[in-house]
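Below is one structure, written out as structure tokens; comments come after it.
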């Protein structure tokens with residue numbers, strides 16, 4: 001074994017595997033060990049008599065001669081090691097990854113540049129055999145404190161527990177482990193938001209802790225000692241034999257503690273998936289696709305889940321300050337970007353609001369007529385409710401008109417948010433707003449938006465009513481149908497009042513608290529009270545609720561506020577992308593009209609494509625009515641079938657007053673901005689072939705927001721940063737090499753071909769990097785040869801009155817800003 005040279009690169013004729021026989025990735029160097037090393041121990045490792053008495057055939061008793069130069073030694077390749085075939089000492093093939101590709105058995109005299117390189121090599125060797133490694137005793141210099149000796153052992157090195165010890169643990173497990181500790185240890189891998197309190201979670205997981213599983217110990221003697229000699233870590237003692245069975249299945253190696261690490265490149269790729277809010281299961285499926293099979297992924301779902309928890313906890317204490325810095329960066333890129341926040345008496349952030357420039361312009365010009373507002377979506381890690389303002393664009397598509405995070409749902413918080421929204425929108429109040437039934441919100445809207453018409457969400461009100469009336473309605477068949485007809489098909493307040501009174505008398509509802517409450521607040525939610533107000537295509541906060549469903553795919557409540565803001569930007573870009581696609585459909589694509597009526601063809605030319613489809617659905621209903629001319633300017637529309645959804649069984653009156661002015665009892669045009677089927681039926685009856693100009697709502701056309709120019713995209717070579725391109729190439733190459741591995745593993749001849757090409761590729765990669773380095777070095781030397789004239793900031797200003805910049809002033813200001821106290825989020829973050 002002493003004749004092996006690990007630095008020698010195998011030739012093409014060698015039949016030596018360049019990679020382990022199964023897929024085991026190198027753990028990251030910063031991976032936490034199985035248990036903390038006893039630092040500062042005075043125990044001498046490698047010199048005990050008991051250790052030497054039980055040596056196997058692979059041990060060497062001449063450990064005291066390790067410093068003798070006559071012993072053949074091998075230096076493990078690291079970043080400072082040179083390869084004989086590459087004279088410039090490229091480090092691409094060297095290092096831990098190359099060591100892991102050929103994990104030979106350690107031997108006395110083997111040398112490493114660092115103790116970490118020794119651990120990585122022994123761990124790779126352990127992965128090949130099927131056991132786990134842990135760092136055991138170590139020794140430091142008493143004067144300098146530097147590490148001098150380190151022992152690595154098999155993780156089954158301890159003595160097996162006796163029956164008495166097991167019984168003692170069984171009796172004392174509840175006292176030994178506190179509920180908080182049990183909650184922390186068992187919370188790994190849980191992605192869902194656990195809303196139970198600490199006591200509930202602790203008690204529910206107590207049984208899990210009692211059934212915990214530990215490593216089966218066998219007093220295994222397998223180990224490796226390394227000692228620092230002449231600035232190199234040298235193997236001074238090694239035992240290869242184990243007294244237990246190995247993990248012989250490659251798919252099970254990932255469950256061994258020391259082989260659970262995720263490689264750095266894959267960590268970054270998983271970070272990308274995490275930022276896209278993919279769940280742990282989906283991330284594991286993607287990695288399984290890269291590796292070919294789930295069994296070959298060198299880590300499991302729990303490892304990924306723990307990594308996601310690590311991502312969420314990064315810089316948690318600086319979350320608010322980083323978010324505000326991020327807003328400042330956005331402000332520099334987009335001068336009209338708006339953000340604001342408020343602090344409490346303890347300098348903690350209470351509320352945050354932000355909105356981009358494109359939305360501000362669009363709101364000013366057309367989209368201030370209807371806003372949906374809802375805070376029932378979620379709260380973030382600081383328990384701050386999320387409060388989006390949702391509008392409707394020219395395609396009938398929901399989009400965000402701004403976003404806020406508030407401390408609580410009290411009137412003062414809502415007033416601050418609405419006041420800030422008003423400030424961002426240059427003082428323009430929304431014409432109509434629909435919210436859920438929250439009295440604090442209603443009071444704040446009345447105070448800040450006095451001219452805004454406020455409507456409550458019907459769905460929320462009926463949900464609360466059904467919770468109380470479920471059994472009551474079940475005992476009265478037909479009452480629910482009559483109630484819905486009274487609410488939906490009453491087109492005037494007087495008609496609603498009459499039908500409600502009739503329903504109360506018929507079903508003896510007088511004195512019922514729920515029905516009395518519904519009637520008392522009818523003016524906040526019944527449609528007939530809002531028949532002439534612009535609430536297009538909705539009677540509830542379904543815009544906000546549908547938008548919340550989108551947010552749940554992008555945002556996890558435990559993520560940071562900065563991540564929350566970044567995901568908000570992704571959603572906005574996605575919305576703009578969909579809007580651009582709808583613009584393209586409207587302007588560039590054709591569609592065949594449903595009928596031959598000229599008025600439908602005219603609608604196709606004036607409306608956006610999605611609004612035209614809504615018009616077409618309404619236009620199809622003209623065949624359900626017959627026209628009766630009562631007077632020269634009065635038309636009576638009578639249904640020719642029993643029922644016409646959504647207008648019911650009633651007849652409607654259309655009045656023509658003045659030039660091209662038509663009014664219908666249903667008030668659809670005032671409510672949705674589109675003509676109803678009753679008016680359209682009159683148009684076809686009297687021969688009007690074009691929609692009158694006054695009935696073409698500008699907000700449903702391509703001219704809705706003329707001055708808004710969407711941000712131009714970057715140049716083609718700047719569409720994706722180099723770091724993202726590298727991750728994309730890494731993912732694609734992983735998939736390609738999995739396919740190559742499947743083909744190369746079919747026969748030994750195919751495997752030899754694959755290994756030969758792998759060696760050739762590695763050599764070409766090193767040469768490519770060497771050429772790049774030489775080119776960069778030559779450019780550096782050329783730039784250094786050219787004399788440069790120092791310039792100062794005051795030399796570049798065109799203003800003669802500009803202040804003179806003192807050297808070091810900027811550095812002082814930067815240091816001061818870094819040391820300045822940063823605001824912290826309210827609630828638990830303090």
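Cβ from N, Cα, C; glycine included.
The model shown is predicted, which means the values in this text are computed figures rather than measured ones.
Your range for region 'Disordered', going by TrEMBL and the list 113-162, 163-212, is 163-212. A mean pLDDT of 93 is what the model gives for the domain 'SWIM-type' (652-687).
Here the compositional bias 'Basic and acidic residues' (163-173) is broken down by DSSP into helix, strand and coil counts: 11 helix, 0 strand, 0 coil. Each residue in the domain 'SWIM-type' (652-687) gets a DSSP state, and the totals come to 15 helix, 8 strand, 13 coil.
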